[in-house]
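Chemist: Structure in structure tokens, see below.
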Amino acid sequence: MTSSINILLLLHPTVVTDAHSVEQIKSKIYQSHNNDINSININQQIIDRITKGVIELPNDYYDEIIYINPNDEPQYREIPISLMQLIYKLLKSNGKFKGDLPLDQNLDVLMTGFIIEEEEQEQQEQQSGLNEGTVYVWVKPIPVDEPVVTLLKKKTTNNTKKSLPLFKKLNKNDMTINVPQEIDNITNNKRKLVETKLTYFSSDDENSSDGSLSDNANEEEEDDDELIDENDLLKYNNHNNNNNNNGEQSFSDKLITPRKCELSLNGGKKRKKACKDCTCGLKELEELEVSNQQNLQDQILGKLAQSATLEAIKIEERLKQQSQKKIKFTEEDLSEIDFTVQGKTGGCGSCALGDAFRCDGCPYLGLPPFKPGEVVKLDGFGEDI
């Protein structure tokens, strides 16, 4: 019996108003899973209720979470980081979060713990019901169990004193030495050593009287003949390949090819890493996987930089538009105000209180305080002209 697939369908509040579109989305989800209604459990929720904590859902429960958002503008598809973390907890290991996802939050997605992968267009259209191009799918990675190394406790003895080394006692028979016999043995050994030195450095190693080389020289030549040049091997290999039609065995048949690395026998869940001097091609496969992952991350970072530059250009255009706007004053703003009339005040409203309360450009600077409505004469302008 196949295990059931748990799917969480997150809907934007604007989608809930159209019941026909919701049923159409559900039917497409069933079609993508071969219309096996009994093995699929779809839980339909509004995304606002989950973000506010009104509804609590079980963690590590859902195989897929599909988000439906009819808004096409990217600013209305933004998902907060708290909601990303909640979705990460709700998904099972290797679970997928797909649908109408934002395209400018890839850095937040990676920081949350997801892996961004591409999904084919046809499968994505069947599950989401949207006619868009190839999109990215957020995948919750499978946790890797780290091996636990148990350390053995060192045995401690209560005896702090160290035992002394034991020496074997010699017998009395071993202590007696036959002195003349030992002296004869020493002299014989010295004689043998001298004879070997003389034979090694004798004149036989040099050229003989006939002009022929000695036996040692001939042995050295034979050793040199045993060395094989790499180019000669290649020529010999080509020659044997040409003679294969005559039934002769080629030199390449004698070569030993290394055995290809196989998967581990413990369930086949994880393959072994390539050896240090790998020759079966497993190391190249691992390097290809790393390069593909690096290219994907570079594409994501490139799109992030592109979106940042576009946002900066928009901000500059907004500032230019604000700077081009000119402030226009009305006739009431430009009308003159008589500061001496009661009920009329200036910009600061404190001209009559004295210099301590007047502005820098006030014409009453230097004059004593006066009451509103009192006639004030300004003299001394002729001296400044």
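Just so you know, glycine gets a Cβ as well, placed from its N, Cα and C.
Feature list, courtesy of Swiss-Prot:
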BINDING   Cys348, Cys351, Cys359, Cys362  [4Fe-4S] cluster binding site
COMPBIAS  217-226  compositional bias 'Acidic residues'
REGION    1-177  region 'N-terminal SAM-like domain'
REGION    178-240  region 'Linker'
REGION    200-226  region 'Disordered'
REGION    261-280  region 'Fe-S binding site A'
REGION    348-362  region 'Fe-S binding site B'
MOTIF     348-351  motif 'Cx2C motif 1'
MOTIF     359-362  motif 'Cx2C motif 2'
Chemist: Once the DSSP letters are reduced so that anything not helix or strand counts as coil, what is Cys351 ([4Fe-4S] cluster binding site)?
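Modeler: SS state of Cys351 ([4Fe-4S] cluster binding site) = helix.
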Chemist: For the motif 'Cx2C motif 2' (359-362), DSSP counts of helix, strand and coil?
Modeler: 0 helix, 0 strand, 4 coil
Chemist: Take every residue in the region 'Linker' (178-240), average their pLDDT values, and give the whole-number result.
Modeler: 59
Chemist: Could you tell me which of these binding-site residues, Cys351, Cys359, Cys362, has the fewest other Cβ atoms within 10 Å of its Cβ?
Modeler: Cys359
